[in-house]
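Peer 1: Structure provided below as structure tokens; questions to follow.
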Amino acid sequence: LLLQRSREAKAAAYCPYSRFAVGAALLTAGGQIFSGCNVENACYSLGVCAERTAIQKAVSEGHTSFRAMAIASDREDDFIVPCGACRQVMREFGRDWDVYLTKPDGTYIVKRLEELLPLSFGPEDLRK
């Protein structure tokens, strides 16, 4: 279901400049799913990735504990991976959750967030 919801979110992507549509679906610890797509802007730096959109939607509704995220794109040769900024935003909410990296044909690999962002900096580091 999470992979399907990420593909559905990709269909809503607003990407007139890059034409690189991405969708993400985030599973909360409580079992709710929040999806997001990338939203570009003519001022390129103001755009936001699908992963961060999904996280911001969940957080805005009071959810900060996550179990998994699936990411979808139209990239056929390689599995889609989150950018560095998304990895850091994801890390804000823990490092022990699954990230499903997909291809359009339905194949996927699963990585722990800790694998995608090793030796990371998180909220607990500010308390040291």
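The backbone N, Cα and C atoms fix where each Cβ goes, glycine too.
Remember, TrEMBL labels are computer predictions, not curated facts.
From TrEMBL, for reference:
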| type | residues | note |
| --- | --- | --- |
| DOMAIN | 1-124 | domain 'CMP/dCMP-type deaminase' |
| BINDING | ASN38, VAL39, GLU40, ASN41, ALA42, CYS43, TYR44 | substrate binding site |
| BINDING | CYS49, CYS83, CYS86 | Zn(2+) binding site |
| ACT_SITE | GLU51 | active site, proton donor |
Peer 1: Other than CYS49, CYS83, CYS86, which residues of the same chain sit close to Zn(2+)? List them in sequence order, counting a residue when its Cβ is within 8 Å of the Cβ centroid of the site.
Peer 2: ALA50, GLU51, ARG52, PRO82, GLY84, ALA85, ARG87, VAL89
Peer 1: Using C-alpha positions only, work out which of the recorded positions CYS49, GLU51, CYS83, CYS86 is nearest to VAL39 (substrate binding site).
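Peer 2: Result: the closest of the recorded positions to VAL39 (substrate binding site) is CYS49.
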Peer 1: Near GLU40 (substrate binding site), which recorded positions out of CYS49, GLU51, CYS83, CYS86 have their CA within 10 Å?
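Peer 2: Final answer, ordered: CYS49.
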Peer 1: Would you kindly give the Cα-Cα distance separating CYS49 (Zn(2+) binding site) and ASN41 (substrate binding site), rounded to the nearest Å?
Peer 2: 11
Peer 1: I'd like the number of other C-beta atoms within 10 A of the C-beta of ASN41 (substrate binding site), please.
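Peer 2: Other Cβ atoms within 10 Å of ASN41 (substrate binding site): 12.
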Peer 1: Neighbourhood of the substrate site (ASN38, VAL39, GLU40, ASN41, ALA42, CYS43, TYR44): other residues with Cβ within 8 Å of the Cβ centroid, in order?
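Peer 2: Same chain, not in ASN38, VAL39, GLU40, ASN41, ALA42, CYS43, TYR44, Cβ within 8 Å: TYR14, TYR17, LEU46, GLY47, VAL48.
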Peer 1: Using all protein chains shown, find which of the recorded positions GLU40, GLU51 scores highest when you count other CB atoms within 10 A of its CB.
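Peer 2: Of the recorded positions GLU40, GLU51, the highest Cβ count within 10 Å belongs to GLU51.
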Peer 1: Give the residue counts of the domain 'CMP/dCMP-type deaminase' (1-124) per reduced DSSP state, in the order helix, strand, coil.
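Peer 2: Counts, helix then strand then coil: 37 helix, 33 strand, 54 coil.
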Peer 1: Spatially, and counting Cα to Cα, which of the binding-site residues is closest to CYS86 (Zn(2+) binding site)? Options: ASN38, ALA42, CYS43, TYR44.
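Peer 2: Checking each of ASN38, ALA42, CYS43, TYR44 against CYS86 (Zn(2+) binding site), the shortest Cα distance is to ASN38.
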Peer 1: Give the mean pLDDT for the domain 'CMP/dCMP-type deaminase' (1-124) on the 0 to 100 scale.
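Peer 2: That stretch averages a pLDDT of 97.
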Peer 1: Most Cβ neighbours within 10 Å: which of the binding-site residues VAL39, CYS86 is it?
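Peer 2: Top count of Cβ atoms within 10 Å goes to CYS86.
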Peer 1: Please name which of the binding-site residues listed here, ASN38, ALA42, CYS43, is nearest in space to the residue listed as 'active site, proton donor', Cα against Cα.
Peer 2: ASN38
